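Let me begin by presenting the structure, written as structure tokens, before commenting on it.
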């Protein structure tokens with residue numbers, strides 16, 4: 001029975017150590033380039049502007065005018 005407690009303690013300590021080794025977080029820098037109906041492919045438009053963006057996505061914001069969907073480009077930085 002004592003060896004099970006020892007093994008579980010070792011696993012808990014090891015997992016806590018791994019938490020400190022993992023980087024804090026990965027943040028995405030974004031720039032919105034226009035409404036989605038203006039671009040046929042938001043992903044291709046973001047990669048095509050050659051500012052180092054990794055991907056693009058149509059994002060829905062609060063409904064303002066007619067089209068709430070905006071094409072936003074993202075760049076992942078560690």
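A Cβ is built for glycine as well, from the same backbone N, Cα and C atoms used for every other residue.
Worth saying up front: this structure is predicted, and the values here are computed from it rather than measured.
Record features (Swiss-Prot):
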type: SIGNAL; residues: 1-28; note: signal peptide
type: DISULFID; residues: 32-73; note: disulfide bond
type: DISULFID; residues: 36-58; note: disulfide bond
type: DISULFID; residues: 42-71; note: disulfide bond
type: DISULFID; residues: 46-72; note: disulfide bond
Cα proximity to residue 32 (disulfide bond), best match among disulfide-bonded residues 42, 46, 71:
71
What Cα-Cα separation, expressed in whole Å, is found between residue 72 (disulfide bond) and residue 42 (disulfide bond)?
8
Length of the line joining the Cα atoms of residue 73 (disulfide bond) and residue 36 (disulfide bond), in Å:
12
If one looks at the chain holding residue 71 (disulfide bond), which residues at least 6 apart in sequence have a CB under 8 angstroms from its CB?
32, 33, 34, 35, 36, 38, 39, 42, 45, 46, 56, 57, 58, 59
Which one is it: of the disulfide-bonded residues 32, 36, 72, which Cβ has the fewest other Cβ atoms within 10 Å in this structure?
32
